[in-house]
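Let me begin by presenting the structure, written as C-alpha cells, before commenting on it.
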Amino acid sequence: MPVERMRMRPWLEEQINSNTIPGLKWLNKEKKIFQIPWMHAARHGWDVEKDAPLFRNWAIHTGKHQPGIDKPDPKTWKANFRCAMNSLPDIEEVKDRSIKKGNNAFRVYRMLPLSERPSKKGKKPKTEKEERVKHIKQEPVESSLGLSNGVSDLSPEYAVLASTIKTEVDSTVNIIVVGQSHLDSNIEDQEIVTNPPDICQVVEVTTESDDQPVSMSELYPLQISPVSSYAESETTDSVPSDEEGAEGRPHWRKRNFEGKQFLSNMGTRSTYLLPSMATFVTSNKPDLQVTIKEESCPMPYNSSWPPFTDLSLPAPVTPTPSSSRPDRETRASVIKKTSDITQSRVKSC
C-alpha cells in the first residue's frame, strides 16, 4: 500500500507559513504569489543548509531521502522538486518576475484558484466523445440497412414490402421478385437481380483445309483425324459376312518338295491395311501397307530343319582392289581354252 502523504500544494503552503527556510516567502499572500530560492549549486558560496533545505524536506516527505542513512544528493533533490512543481495544474511560474542567474537567484510562482484551473490536457468532456462514437456507429448501420435490400433509393412504400419479398432460384440466376400484396395494380413488378450470370469466354478453334498450301516454315495446324474404319467396323458390323470370311481364310495349295507333298498357303494371302493407321494418316498421304512375300523355297511343315552347319551363308563382299582379280582370271582361262580348241582343230585338219 502506498504511504499516505500530504499533497504538494498544502505542504508548500505549510512550509511558507513556517518561515523556517531562508528565501521562501509570500510576495502577495492574497494572490498566492511566492518565491523560492533557486541558486545553482556550482555557484560560489552555495550552502546545503541555506540554499537546499526546501528540496531536502520534499525528498524526506516523499521518502526519497532518509537523514543519517542516505548520502546527501542536492542535485537529485532539486530535480525531483522541479518535476513535481511542473506537474501541478494549480501552480504556474511567473517567468517575468523570476531571476535564474546570480548568487541571489529565485523563482516566482502563483497558486491558481479553482475557477482559474485549466482542464487536464488530453482529456475531453464525455459528452463530445459519446456523440462522436454514436455518430460513427450510426453511419455504417444506416448504410448496411440501405444496401441490404439491393436498392438504396426506394420510397417508404417499398419498405413495407421487406417482409413480402420472395426468392425464386433459376438454374443460372438468382432473381428476387417483389410481390404486389400491399401496392396498387398500377405499380409494375420489379425484379432485382442479385447474382448476375457470369460472362463466359468462347474460344473458337479453326483448322486449315487440305487444299490450302502449307509452307515448311510454318507450324503444323491443328488437324482432326477421321474416324477409324476399324472402329466403325467394330461398332457397326460386329458379325463378318461370308465374302469377308472367304477373303480372310487362307487358301491351301499342294506343293512338292524333294518328292514329298505338303500343303502351303504361302503366296495366297492378300495385303492388309493396318486397322488403326487410318486415324494417323490424312487424305493427302498414302496409307501404310504391309505385304507378305512368298518364300522362294518353302519347306513342308512336317519336315525337320537342316543343321546349321550345312547352311552356307554368302560372305559379305567388301569393295577392295582385289575383287577385280577373279574376273581377270576367268577371262584368261576362257582365252586359254579357246586357244586350245583352235589348235586342236588345226591339227586335225
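Cβ atoms are placed via backbone N, Cα and C, with glycine included.
As written in Swiss-Prot, here are the features:
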type: DNA_BIND; residues: 5-113; note: DNA-binding region
type: CROSSLNK; residues: Lys137; note: SUMO2 cross-link
type: CROSSLNK; residues: Lys260; note: SUMO2 cross-link
type: MOD_RES; residues: Lys75; note: N6-acetyllysine
type: MOD_RES; residues: Lys78; note: N6-acetyllysine
type: MOD_RES; residues: Ser225; note: phosphoserine
type: REGION; residues: 228-254; note: region 'Disordered'
type: REGION; residues: 301-349; note: region 'Disordered'
Where does the mean pLDDT land for the DNA-binding region (5-113)?
87
Relative to the Cβ of Lys78 (N6-acetyllysine), which residues of the same chain, six or more apart in sequence, are found under 8 Å away?
Ala41, Ala52, Phe55
Counting only residues 6+ away in sequence within the same chain, which have a CB under 8 Å from the CB of Lys75 (N6-acetyllysine)?
Ala41
Helix, strand and coil counts within the DNA-binding region (5-113) (DSSP):
42 helix, 19 strand, 48 coil
